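Colleague: For B:21-41, B:47-67, B:79-102, B:140-169, B:181-208, B:214-231, B:263-284, B:336-358, the entry in TrEMBL reads transmembrane segment. The feature domain 'ABC transmembrane type-1' is assigned by TrEMBL to B:144-354.
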Amino acid sequence: MSKRIDVGDLNVYYGNFLAVEGVSMAIEPRSVTAFIGPSGCGKSTFIRTLNRMHEVIPGARVQGKVLLDGEDLYGPSVDPVTVRRQVGMVFQRPNPFPTMSIRDNVLAGMKLNSNRMSKSAANEVVERSLQGANLWNEVKDRLDKPGSGLSGGQQQRLCIARAIAVQPDVLLMDEPCSALDPISTLAIEDLIGELKQNYTIVIVTHNMQQAARVSDRTAFFNIAGTGKPGKLIEMDDTTKMFTNPSVKATEDYVSGRFG
Amino acid sequence: MSVATKPPAQNSLAHNQLPRYTTQLVLVASAAAGAGVSALWGGFSIVSFAVLSVLIFVIVNTVLSAVVEGRRKAVDKLVTSLVYTAFGLALVPLISVIWSVLDNGTARFSMDFLTTSMRNVTGLNDQEALEGAAPFIGGAYHAILGTFLITALATLISVPIGLLTSIYLVEYGRGRLARSITFFVDVMTGIPSIVAGLFAAALFAVLFGVGTRNGFAGAVALSVLMIPVVVRSSEEMLRIVPNELREAAYALGVPKWRTIVKVVVPTAISGIASGVTLAIARVVGETAPLIVTAGFTSSINTNPFSDWMMSLPAYVYSQALRPLSGSSPQPSFDRAWAAALTLILIVMLLNLVARLIARLFAPKTGR
């Protein structure tokens, strides 16, 4: 169920402003791909184009191709809603639905779409997803309590459980640990390691150690200056990126010489 | 390890301070002084007593503080007393209104008043009652019923329109159309209520003939007043729903309309519901638009779509301005006050309901 993504010469615009220019890359299935780079270089903008979430912002549009197992996400009659059912996303700040219990939060993908399912099937989804997000043991006795009563790290794992409950092909994570403490971060990183058995994972991170720890391949984005578009500088295996990158800017960034 | 403190006089951080109970003492003293001066100065009266005491208190308290504690503390005390005075002044009309309504309204307020109408009650009955030959009769049941029916209909009209408008403005509206809707909603907020009434009266005159008056026309007039309030309050509530929740739903492949219906509105429902209740409380006491649309009657009318219908404000108005018996108007005045008391109780009840709703629907936190 995990799929590969091929991006061909993608430009992202906000209105007339070119935010990201000329990105081409291949994202392998059942692997973790990390995006690193300084703030404002277009990592988040780019990752949101992979499930058409950028369209939520008025005026945002793209040129180019994004292929999910060879099918164009931006084809003429493609519904962004269908795309998002296959490409799930976890956000920077944990955002469980405050009106729902933990159980309903996990089932949100089905419940909000009014998909009927039997109680036993629902229970199974809840348990499988929460197990998958390493949260089951912590919340199994209080599934009917509100999700907003959990700690930040637990909330983020709840959001991951919610995202994998609908069984997407790809899971996008936009700085999933930036609002969390080191212990919760470790829990999420372990979880990413387990999830890549089944999912294609793309993660944006500001933490280079994290990129080195969790990812198989790393992409470095950079920006020439304010008002200039962000560009993909280099993409390679993570070990190579952090030991022997082929571009000077990458080496400067990963070694902490700038940024 | 012990921490040594310098004696107070040498501590550079310390200043002279008045004892804590100084303010209370000054307050009591200036109340006494105010009473004295007021009595000496042309006879004691509540108003001169209050004004003089407050004046004496503000001056003494500030000067005392300035002399002992320094300028900053003195300014602090001056402004504090001014703020309290302003608060007290704002309370005066409120308490006075509640007091006079309670004082005058309880005379005639009873179960009998709430459950009978004015049908066949004449000035003769009032005169007999005054002479002690018969009990006081005549109540406001028909007006209470009318108020409930008209307000319920107005709510039924305004809530869907208002809520959908605010959803449009927050979730879909862009550009000129949304801006002009916002502008017209603002204009509508400022419409004088009599104009709304005349609008509804004219509309029904065109549709159903001149002189058409019924409860539904009144409901239309009230909804003209209610819609902008509902739009405004729901808009505020929908805007404070965090965008992250919408994005979370979109990222799960939920279409926009389902996101709105199942995530955005439920998250904001407590605020929307209490806003609606407050809007109801706002229009339930409207008089002018109902007089020109629903008219007056002394009998019970349960059908808002035909015939004139009484409402509580119109009842107060008619009893106060057109007593049944010209020579002995007191029973009518008593009924007017009792109806006013009923109206205030209804509005108070609605406010309580609004708070209850807000608490019931609020997103739950807890572990």
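Using the three backbone atoms N, Cα and C, a Cβ is placed for every residue, glycine included.
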Colleague: Could you give the residue numbers and ranges of same-chain residues that sit at least 6 residues beyond the transmembrane segment (B:263-284) on either side and whose C-beta is under 8 angstroms from one of its C-beta atoms?
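Modeller: Same-chain contacts beyond the flanks: 147, 151, 154-155, 158-159, 162-163, 167, 171, 222, 225-226, 229-230, 233-234, 236-238, 240-241, 245-246, 248-249, 254, 312, 343, 346-347, 350-351, 353-355, 357-363.
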Colleague: How about the transmembrane segment (B:140-169) and the transmembrane segment (B:214-231): at least 3 CB pairs under 8 Å, pairs 6 or more apart in sequence, or not?
Modeller: yes
Colleague: Where among B:21-41, B:47-67, B:79-102, B:181-208, B:214-231 do we find the most Cβ pairs under 8 Å to the transmembrane segment (B:336-358)?
Modeller: B:79-102
Colleague: Which residues of the chain, 6 or more past the ends of the transmembrane segment (B:47-67), have a CB below 8 A from one of its CBs?
Modeller: 18, 22-23, 26-27, 29-31, 33-35, 37-38, 41, 73-74, 76-78, 81-82, 85
Colleague: Most CB pairs under 8 Å with the transmembrane segment (B:181-208): which of B:21-41, B:79-102, B:214-231?
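Modeller: Answer, by Cβ pair count: B:214-231.
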